[in-house]
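Per Swiss-Prot, these features apply:
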- Cys9, Cys12, Cys31, Cys34: Zn(2+) binding site (BINDING)
- Pro123, Thr124, Gly125, Ser126, Gly127, Lys128, Thr129, Leu130: ATP binding site (BINDING)
- 1-50: domain 'ClpX-type ZB' (DOMAIN)
Amino acid sequence: MNKKNLTICSFCGRSEKDVEKLIAGPSVYICDYCIKLCSGILDKKPTSTPSSGTPTETTPQHSDLQVLTPKEIKKHIDKYVVGQERAKKTIAVAVYNHYKRIRALLNNKHVSYGKSNVLLLGPTGSGKTLIAKTLAKILDVPFTIADATTLTEAGYVGEDVENIVLRLLQAADYNVARAERGIIYIDEIDKIGRTTANVSITRDVSGEGVQQALLKIIEGTTANVPPKGGRKHPNQEYIRVNTENILFIVGGAFVNLDKIIAKRLGKTTIGFSDDLGDFSQEDRDHLLTKVETEDLIAFGMIPEFVGRFNCIVNCEELSLDELVAILTEPTNAIVKQYIELFSEENVKLIFEKDALYAIAKKAKLAKTGARALGMILENLLRDLMFEIPSDPTVEAIRIQEDTILENKAPVIIRRTPEAIA
């Protein structure tokens, strides 16, 4: 046969004599060797390139999406978050339903229920952010935190809401499919209420605009995300991210929301003080468990925004016992961390029980909840951490109550000369 009359593969140039099969298409041919090669390439999962900001398009399968039961979710949260039993149970159920919904969608099943976005109420340092972080760690999904006070509506100087999605995409190493089932936590959400007290009229207007802008990505939209962040401009390339299955958790202190609830319920009919300013913390926590959509609207959130959160739960102010437990019980408890740091220097760090309660009392007075604990301990132990590495005679350090309350020096136990030798 004349070589010129032989049919060849359009990709590799092999002739029909050199291959087992040659499949014809419109004016083209492909051999079995090239088909196998292409099949192998398609079977490989694409790798992301975060440094260049190039998105990957891997489609997630149900097999790599963890869907733990509510009890399992709460059990994991308990390892890191002290107290907040009601909040942890409520969130565990909401998160379970959310990811169960995603798994059903991945399996091409019809789903009639919507996503379970969560709104967390509660004072600073009550564990709102920690709960969200822990959830992301448990579920092994991308996670990012945003501050609502830095966001602005279009036309204002500040950060566009799409940049929140960009940060989630970056947390997912630009894997779009992973980002599309991640978790976004927006803190200080109460600060963008349109009628909140002590805020300028300009900020109220801007706050409502931010709520409107957030509404779109929270309810589910295809966001055009600038790969490098910043403001959008014409002729710019975008990464398209569908936010329909991203779990949004928002949190805020919502100061004085309890008074709005009391006014709705009728303060004299629910067993509280006649003076709205006289509520104890226990009263406030109890009132916040009765929050309704109308209370949040009265606070300054727009109805459409509140309507996107079908799970609204209160994180209570931490008690003295809970603050002590936070110091010592969680897997990553801060006292455990300092004990380990000192043990690296071959020094035993001992906290007496009264000292732990003194630290908790000091944190309580700071009005910032668990956040104050780390600062108190850092200030307490900083000088010791400076001196200890240069002093091999120190065997143990005992922190007592008067060390905290009266600024007395901790008890230092020294090694004998023989032990040092």
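Just so it is clear, glycine is given a Cβ too, placed from its N, Cα and C backbone atoms.
Of all the binding-site residues in the list Cys9, Cys12, Cys31, Cys34, the shortest Cα-Cα distance to Gly125 (ATP binding site) is found for Cys34. Between the listed binding-site residues, namely Thr124, Ser126, Thr129, the fewest other CB atoms within 10 angstroms of a CB are found at Thr129. Around Leu130 (ATP binding site), the same-chain residues at least 6 positions away in sequence with a Cβ under 8 Å from its Cβ are Tyr80, Val81, Ala370.
The subset of binding-site residues (Pro123, Thr124, Ser126, Gly127, Thr129) lying with their Cα within 10 Å of the Cα of Cys31 (Zn(2+) binding site) is empty, i.e. none.
Sequence-distant contacts of Cys34 (Zn(2+) binding site), defined as residues of its own chain at least six apart whose C-beta falls under 8 angstroms from its C-beta, comprise Cys9, Phe11, Cys12.
All protein chains considered, the CB of Lys128 (ATP binding site) has 27 other CB atoms within 10 Å.
The local packing around Cys31 (Zn(2+) binding site), expressed as other Cβ atoms within 10 Å of its Cβ over all shown chains, amounts to 24. Around Pro123 (ATP binding site), the C-beta neighbours below 8 angstroms that are at least 6 residues distant in the chain are Ala253, Cys315, Glu317, Lys367, Gly369. Between the candidate binding-site residues, Gly125, Gly127, the densest Cβ environment within 10 Å is the one around Gly127. Summed and averaged per residue, pLDDT over the domain 'ClpX-type ZB' (1-50) gives 67. Within 10 Å of the C-beta atom of Cys9 (Zn(2+) binding site) sit 21 other C-beta atoms, taking all shown protein chains into account. Annotated Zn(2+) site Cys9, Cys12, Cys31, Cys34; additional same-chain residues within 8 Å of its Cβ mean position, judged by their own Cβ, are Ser10, Phe11, Gly13, Arg14, Val19, Leu22, Tyr29, Ile30, Asp32, Tyr33, Ile35.
DSSP assigns Gly125 (ATP binding site) to coil, not to a helix or a strand.
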